[in-house]
Structure formats: C-alpha cells, structure tokens
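What follows is a single structure, written as structure tokens, with notes after it.
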Amino acid sequence: GRKGGHKGRARQYTSPEEIDAQLQAEKQKAREEEEQEEGGEGATGDPKKEKKSLDSDESDEDDEDYQQKRKGVEGLIDIENPNRVIQTTKKVSQLDLDGPKELSRREREEIEKQKAKERYMKMHLAGKTEQAKADLARLAIIRKQREEAARKKEEERKAKDEAAMAGKRLQSLSLNK
C-alpha cells in the first residue's frame with residue numbers, strides 16, 4: 001500500500017491550559033493599555049481608578065463606552081453616519097406585540113396577488129371577464145349542436161320505426177291473403 005504524505009506528521013495541539021494562559025496574558029495587556037490611556041489623558045490617573053472602584057455602575061458604563069470606541073477607527077475619529085444602524089437589544093417588556101405589524105414588500109405583493117386572483121374569480125363566475133364570455137359563447141354553440149344532433153337522432157329513430165311498421169303492415173297484409 002501507499003504510505004501517507006509528509007503533511008501532518010509533526011502536528012502539535014495546544015493544550016487548554018496554554019490557551020487559558022494566552023487569554024489571561026491578552027487581558028492583562030488590555031488592562032495595562034487602558035491604564036496607560038487613562039493616565040495619559042488626565043494628570044492624576046489614580047483618583048479616577050478610585051472613583052471607578054467605588055461606583056461599579058459607572059465602571060460598567062465606561063467599559064461599554066470603551067468597547068464601542070475600540071472598534072476600528074471609531075476610537076480615533078468621531079463618525080456620524082446617518083445610514084448606520086446601531087443594533088439595540090429590546091427587553092420582552094418593551095416589545096409591542098399589539099401594534100400593527102409592518103409587512104415586507106414581498107408579503108404585501110403576495111397578499112395583493114391573492115386579492116387580485118379572488119376578484120378575477122368573482123368576475124369570472126359572474127361572467128364579466130373576456131374569458132368567461134368566450135366560455136359562455138362556446139357553451140351556447142355546443143348546446144345548439146347537441147340539440148340539433150338529438151333532434152336528428154329522434155327523426156331518424158322515428159323514420160326507422162315508421163319503416164319497420166310499414167314493413168310489418170306489408171307482411172301482415174301478405175299473410176292475410
């Protein structure tokens with residue numbers, strides 16, 4: 001048989017402990033950078049740290065602002081894009097389920113198509129559409145043809161009966177002689 005290729009022979013997998021250690025190191029670097037930024041902005045960086053430790057609510061808000069500023073160039077440049085939609089999560093209590101639901105374009109078009117089809121069917125059944133008029137005219141022609149065929153058949157049957165009766169009369173007359 002064939003032997004395997006050279007690829008994958010010396011594969012090494014990172015252990016979960018090493019991954020955790022790397023994540024901790026990255027978090028530590030991020031904290032140090034944050035402290036440096038705070039220290040660089042104000043002359044006294046220590047009072048800010050003390051204030052943060054006292055009020056945990058404010059620190060959460062500052063962390064959220066910090067995370068938003070860290071994305072891309074948003075931290076460097078103040079961007080106001082009117083087309084940019086900021087996704088906000090709503091609580092279940094904030095949702096308005098009773099309000100009118102706005103339909104998408106496709107849903108509106110589908111509903112309009114169904115209504116148009118229903119209107120057409122009503123008009124068709126009433127005999128007001130072109131197709132209905134053509135169908136009714138065709139039906140009238142077919143009825144006339146069937147009536148004529150039935151009349152001819154009846155006449156032929158009567159003629160046959162009369163011929164048979166005439167034949168029987170002749171026979172009976174010839175037998176009587």
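The backbone N, Cα and C atoms fix where each Cβ goes, glycine too.
TrEMBL labels come from automatic prediction, so no person has curated them.
Here the structure is a predicted model, which means the values were calculated and not measured.
The annotation compositional bias 'Basic residues' is assigned in TrEMBL to 1-10. Per TrEMBL, the feature compositional bias 'Basic and acidic residues' maps to 46-55, 98-113, 147-163. Annotation comment: TrEMBL describes 56-65 as compositional bias 'Acidic residues'. Under the heading domain 'Casein kinase substrate phosphoprotein PP28', TrEMBL lists 81-158. If you look up TrEMBL, you'll see 1-113, 147-177 marked as region 'Disordered'.
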Long-range environment of the region 'Disordered' (147-177) - Cβ separation under 8 angstroms, sequence gap at least 6: none
For the compositional bias 'Basic and acidic residues' (147-163), the number of residues DSSP places in helix, strand and coil: 17 helix, 0 strand, 0 coil
Helix, strand and coil totals (DSSP H, G, I; E, B; other) for the compositional bias 'Basic and acidic residues' (98-113): 9 helix, 0 strand, 7 coil
